[in-house]
Amino acid sequence: MEIVCEDFQKALTKIKLLRENANIIEETVQRSVREIVQNVRESRDEALSFYTKKFDGVEIKDVRVSEEEIKQASMFVESSFLEALQEAKKNIISYHEKQKRQSMFDCTSKGIIRGQIIRPLENIGVYVPGGTASYPSSVLMNVLPAKLAGVKKIVMVTPPRAGGIDPHILVAASLAGVDEIYMIGGAQAIAALAYGTESIPKVDKIVGPGNLYVALAKREVYGIVNIDMIAGPSEIVVIADETGNAKYIAADLLSQAEHDERATAICITTNIELAKEVEKEIERQLETLPRSEIARESINRNGAIFIVPSIDEALQLSNEIAPEHLELHIKEPMNALAYVKHAGSIFLGPYAPEPLGDYLAGPNHVLPTSGTARFFSPLSVDDFVKKSSFLSYTEGALRDVKHHIVELANKEGLHAHARAIQIRFGEEE
């Protein structure tokens, strides 16, 4: 892991290069995804079967997981896992319940009623990865806010494995309240949810993480359906002063690096001695990590430690990065919170490590990446509702403002708009 002692602009340039390196999207992948989406749109289940055999190496007659399979899954998971899952569910619900909003009704004294109706989406699709790692936590994080919002039907898709679907995923889906589960993955699963097939229902919105093919497929179908976000590789920035614990920081950096080779792990510190200790700790901890090959590749390609003169400058640099995860290993981290402008999720102090947010604390772990924390937010209950405005005017209320409407409509050259007002008062030209 490279230690960089440079000025702000040079450090920022280097970080941008790291991010560009982590987000290289080959044109061949985009073309392949576009072809998959088009084929599923046209050939539907036939295309799903073809791509499942091609990419997953299995032939599946019925892609829907039966109720019996879901019930049996609980026999294959540990009681400790179920206990942890239930604790996570409790915390996720208690946090997201506070995000729920009410419809608005505004009645004035002049015969005017205005308002906003908030309604849940009818149905959504949740993508759950099934590649190099299995993510039951993602099931809870994507499904529970939707349930709290009142979504009527939740469909889950996840890639098949040789022995079926990981029972931990099925147990999480059952606990969260998923209505239907399908053994289908990749870009073809996203296309199926967007357009519908003989087996898989069309949904209104698709959420959930995935690999590059899944991310590009979501981009491809956006507009046909809504999506949560186009997630890039995982990323973490740790800001540390001389009080930072090198073991903790190294462990937290590696917690993101182990996701995949394109993940980004950056430490920004005011203390060069700490930087050296973190570098050594990363090497030491890599020796015993089961996913060390992935983590090492990530650290070598997209990892760095930046030395800056002050915490103020560290915060400026972090705001320019707008990371998915930001940890503050500094004195009085709560005081620095006001100066964090752009970050998906912020972890304050040495005992609020990123995995706490990933699994148990309650805030959502579906977060904006690749600098999009400047304008995107974590997944929330709001992502599963839509809003309609409504208004009612009495004749007198409309009469009071009609001249303003006519003036504005005529100024824009939209004379039928003006006439629609005038005709109600016998003033049409």
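Glycine too: its Cβ is placed from the backbone N, Cα and C atoms.
Same-site candidate for substrate binding, as annotated by Swiss-Prot with SER234, GLN256, HIS259, ASP358, GLU412, HIS417, chosen from HIS168, HIS325, HIS329: HIS325. Within 10 Å of SER234 (substrate binding site), counting CA to CA, the recorded positions TYR127, GLN188, ASN211, GLU324, HIS325 contribute GLU324, HIS325. Neighbours of the NAD(+) site: apart from TYR127, GLN188, ASN211, residues of the same chain with C-beta atoms within 8 angstroms of the site's C-beta centroid are PRO129, VAL157, PRO159, GLY185, GLY186, ALA187, ALA189, ILE190, GLY210, TYR213, VAL214, ALA217. Note: the Cα of TYR127 (NAD(+) binding site) and the Cα of HIS325 (active site, proton acceptor) are spaced 22 Å from each other. Across the structure, GLU412 (substrate binding site) and GLU324 (active site, proton acceptor) are spaced 43 Å apart at their Cα atoms. Cβ contacts within 10 Å of ASN211 (NAD(+) binding site), excluding its own Cβ and spanning all protein chains shown: 20. In this structure, the CA atom of GLN188 (NAD(+) binding site) is 23 Å away from the CA atom of HIS259 (substrate binding site).
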